[in-house]
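Q: The structure's right below; bear with me while I get my questions together.
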Amino acid sequence: MQDSPCVPLGRIILRLWKGFMERSLVILKPDAVQRGLVGTILGRLETRGLKIVGMKLMLVDEARARRHYDEHKDRPFFPGLISYITSGPVVVLVVAGENVVKMIRDMVGKTKPFESPPGTIRGDFAIETGRNLIHASDSPESGEREVPIFFETGELISEYERSVDRWIFE
């Protein structure tokens, strides 16, 4: 008898409990929304096999923007960053999985799009640092700090198994 390709829900919960699952906050910034790139970028994340556990379209108010970018508050570009992220709608999502932070960062490319290789989101679609389309948590710790800024606990749905998971994970 062959082993079932299904990943039992208990195994997924065990991975979460053991801390293997990371969460990354991803923001498709106003330029991504205005340029109609949301579907393309989401498609790249889903095609890779990443699991979206929360997503919403929203306007970021100044207070939330300041909390999110607090580490940059003393930098000269901070006022422009706040102005930019609050300038129009964004799509905010939480992606969960093993090593998800590094995977997404590799897919996104470098902060400066002109340093990002082709095949990355910024390398393919962005030109200027000030309009670089997407934010992604830079560490698991950042993800855990950033997610609650944009999502209440009840808004995240991580307790589901996708039919493709058995074809992605051992």
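In case you wondered, yes, glycine gets a Cβ from its N, Cα and C as well.
Feature table excerpt (TrEMBL):
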- 21-158: domain 'Nucleoside diphosphate kinase-like' (DOMAIN)
- K29, F77, R105, T111, R122, N132: ATP binding site (BINDING)
- H135: active site, pros-phosphohistidine intermediate (ACT_SITE)
Q: So, by DSSP, how many helix, strand and coil residues make up the domain 'Nucleoside diphosphate kinase-like' (21-158)?
A: 68 helix, 30 strand, 40 coil
Q: By Cβ count within 10 Å, point out the most packed of the binding-site residues listed: R105, N132.
A: N132
Q: Express the distance between the Cα positions of H135 (active site, pros-phosphohistidine intermediate) and R122 (ATP binding site) as a whole number of Å.
A: 10
Q: If you average per-residue pLDDT over the domain 'Nucleoside diphosphate kinase-like' (21-158), what number do you get?
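A: Within the domain 'Nucleoside diphosphate kinase-like' (21-158), the model's average pLDDT equals 96.
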Q: Test of understanding: give the count of other CB atoms lying within 10 angstroms of the CB of K29 (ATP binding site).
A: 23
Q: Within 10 Å of the Cβ of T111 (ATP binding site), how many other Cβ atoms can you find? Include all protein chains, please.
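A: Other Cβ atoms found within 10 Å: 13.
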